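Database features (Swiss-Prot):
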ACT_SITE  Cys146  active site, nucleophile
BINDING   Arg21, Arg126, Arg127, Arg166, Ser167, Cys168, Asp169, Asn177, His207, Leu208, Tyr209  dUMP binding site
BINDING   His51, Asp169, Ala263  (6R)-5,10-methylene-5,6,7,8-tetrahydrofolate binding site
Amino acid sequence: MKQYLELMQKVLDEGTQKNDRTGTGTLSIFGHQMRFNLQDGFPLVTTKRCHLRSIIHELLWFLQGDTNIAYLHENNVTIWDEWADENGDLGPVYGKQWRAWPTPDGRHIDQITTVLNQLKNDPDSRRIIVSAWNVGELDKMALAPCHAFFQFYVADGKLSCQLYQRSCDVFLGLPFNIASYALLVHMMAQQCDLEVGDFVWTGGDTHLYSNHMDQTHLQLSREPRPLPKLIIKRKPESIFDYRFEDFEIEGYDPHPGVKAPVAI
């Protein structure tokens, strides 16, 4: 994950001081891209320990179309707590948009099922896209989508994916985002009998919060270790039937975890 450390250093070297919605302050750059060949290993940051349980359960939660944190709490995942209301609801965030995007005539579009059908039946399409950025429902969401738009691409029997992330918390959020979408590519590829290709991450406002600087320098002082390998133990009937127990990360030997405050 040398690319991740290079991005951190780039933000430190070239970033502009900006104010932000949370009032914390950031160093920010605009427009950055990283490419991860998923054949080379699973792109899980090794210069600090990442909480894999949270990454997997959050993705499974998205895929169920869920927008209440009850499932996450049942599985000891607290990453959405700060934004939930007193009933645990977040409004029409990722899961709702992925699985039940509302249309003007009262229907709902299941974007995940749609792209799966496209990958199986029309893999050369340039429209294999999922969007979470529903401008008609942004004001109802506890947090507007940061990872907003992703596209799949099939070539030579391999499935690749590019994500556009409009806002990126490089220290806390980005390691989760990279691993989550890499996991999704593996799952979609398995369901479509494809090999994995590249995960391409594209960032808009790409920033380090002012209260993450010490933690950033600590990570930059550490040498990246070899990437682990993802093992999916079974092939479920559908993309929606995976369970936490289906995934194993082999050979993950990270440096110790590094804590940092969340900007809300």
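Each residue, glycine too, has its Cβ placed from N, Cα and C.
This view paints the features noted in Swiss-Prot onto the structure.
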residue : record                                                    : DSSP class
Arg21   : dUMP binding site                                         : coil
His51   : (6R)-5,10-methylene-5,6,7,8-tetrahydrofolate binding site : coil
Arg127  : dUMP binding site                                         : coil
Cys146  : active site, nucleophile                                  : coil
Ser167  : dUMP binding site                                         : strand
His207  : dUMP binding site                                         : strand
Ala263  : (6R)-5,10-methylene-5,6,7,8-tetrahydrofolate binding site : coil
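In sequence order, the binding-site residues near the residue listed as 'active site, nucleophile' (Cα within 10 Å of its Cα) are Ser167, Asp169, drawn from Arg21, His51, Ser167, Asp169, Ala263.
Here the Cα atom of Tyr209 (dUMP binding site) is found 8 Å from that of Ala263 ((6R)-5,10-methylene-5,6,7,8-tetrahydrofolate binding site). The binding-site residues listed here are Arg21, His51, Arg127, His207; among them, His207 has the most other Cβ atoms within 10 Å of its own Cβ. Across His51, Asp169, Ala263, which the record gives as binding (6R)-5,10-methylene-5,6,7,8-tetrahydrofolate, the greatest C-alpha separation is 18 Å. The binding-site residues shown are Arg127, Ser167, Asp169, His207; of these, the one with its CA atom nearest the CA of Ala263 ((6R)-5,10-methylene-5,6,7,8-tetrahydrofolate binding site) is Asp169. Annotated pair Ser167 (dUMP binding site) and His51 ((6R)-5,10-methylene-5,6,7,8-tetrahydrofolate binding site), C-alpha to C-alpha distance, rounded: 21 Å. Separation of the C-alpha atoms of His51 ((6R)-5,10-methylene-5,6,7,8-tetrahydrofolate binding site) and Arg127 (dUMP binding site): 33 Å, rounded to the nearest whole number.
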